[in-house]
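Let me begin by presenting the structure, written as C-alpha cells, before commenting on it.
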Amino acid sequence: MQKPWVEKYRPENLDEVVGHQEIIKRLKNYVEKKSMPHLLFSGSPGVGKTTAALCLAKDLYGNTWKENFLELNSSDERGIDVIRTKVKDFARTKPIGDAPFKVIFLDESDALTSDAQNALRRTMEKYSDICRFVLSCNYPSKIIPPIQSRCAIFRFSPLKTEDLVKNLKEISEKESINVEKSGMDAIIYVSEGDMRKAINVLQTGAAVSKNINETVIYKVASKARPDEIKKMTELALNGKFVEAREQLYKLMIDWGMSGEDIIIQIFREVPNLEISEKEKVHLVEAIGECDFRIVEGANERIQLSALLAKMGILE
C-alpha cells in the first residue's frame, strides 16, 4: 500500500526542510552545540512545526533518535494524567547513548487543559537537567505565561509561494505526473501556505489524472474557482440577487462546498472588488456577522443568501 505523500516526502533532516531559513539556522546551531532550551513552535497547521521537531531529533541523536524522543498529540491526550504518567515516566529516565538530554515533543499543546499545563510546568522544572520539551501550538495565547517564559519561541509563518512550488515540482517529477501552470496556481490558492494541504491535494489530484489542471484541483479540493466567487459577489453587488443566489446554490450543490468554505473565499475576494473602501468595510462586517451565525449553527443557505442580499444595499 502506498504511503501518503506527506509522509513519503517528509524531510529526514534539517537540511531538507523547505522554507523557514532563519528558524532552521537556529535549530542547526542547537544541534552543533548539543545544547538547547525548551522550545515553543507556534503557527498555523501544515507549515512545518512537527517536521522541524522530528528533524531536530534525528540530527541530534542519529540512530538513537527514537529512544530519546517522545511525541505526544495533546489534542488526543490533553488531561493531567498524561503529564503525570507518560511524560513524567519518559522524562525521569536517562538518555540513551551519549545524548546530553532527551526531547519530549507535545504537538497541539494549546489543547492541554489548564491543570495539565501547570503540571507540565512543574515537570519542565524538575527534569530540566536531562530532558527538553518542544511544544507545538496553533494559538500561543492559549499557553500559560509560566510555560511561555521557559521556552525559546519560534513563530512559523505560512510557507512562501516559491517554497511551495519548488517542493511540489520535485514531488511531481518523482511521481511522473504533469502539473500545468493553472493546476499549480490552483494548488497554491487552496493551500494558503499549508504544505501538508498542498501535498495532499496534489496526491488526490494525481489519483484522478496524471495531467493536473485547475479543474482537477478545484474539484478534488471542493473549492470554487476564484472567478466563480467573484462573479457571484459582483452579481450581488449589482443588485442581481436571484442570479447571485443561483450561483451560490450551484457552488453548494454541484461542488459540495460548505458555507464556511464559501465565506472564506468571499472574504479573500474583497480586496479585488471594484467598490469603495467604505463599502469594503461594510462588506467585511457583514461577512463577519454571517460567519459567526454559521459557526453558531444557523442554516448556511439562509445566512449566505442574506449576505448576498446585504451586498446589494451596501452604503
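Heads up, the Cβ atoms here are built off N, Cα and C, so glycines get one too.
On a predicted model such as this, the values are computed, not experimentally measured, just so you know.
Per Swiss-Prot, the feature ATP binding site maps to Gly43, Ser44, Pro45, Gly46, Val47, Gly48, Lys49, Thr50; the stated evidence is sequence analysis.
Counting every protein chain shown, the Cβ of Gly43 (ATP binding site) has 22 other Cβ atoms within 10 Å. Within its own chain, Gly48 (ATP binding site) has Val17, Val18, Gly19, His20, Phe156, Leu159, Met195 as residues 6 or more apart in sequence whose C-beta sits under 8 angstroms from its own. Close to the recorded ATP site, the chain also has Ser136, Phe156, Asp194, Met195, Arg196: residues not among Gly43, Ser44, Pro45, Gly46, Val47, Gly48, Lys49, Thr50 whose Cβ is within 8 Å of the site's Cβ mean position.
Neighbour counts of Cβ atoms within 10 Å were taken for the binding-site residues Pro45, Gly46; the minimum is at Pro45. Highest Cβ count within 10 Å among the binding-site residues Ser44, Thr50: Thr50. The binding-site residues Val47, Lys49 differ in how many other CB atoms lie within 10 Å of their CB, and the one with the most is Lys49.
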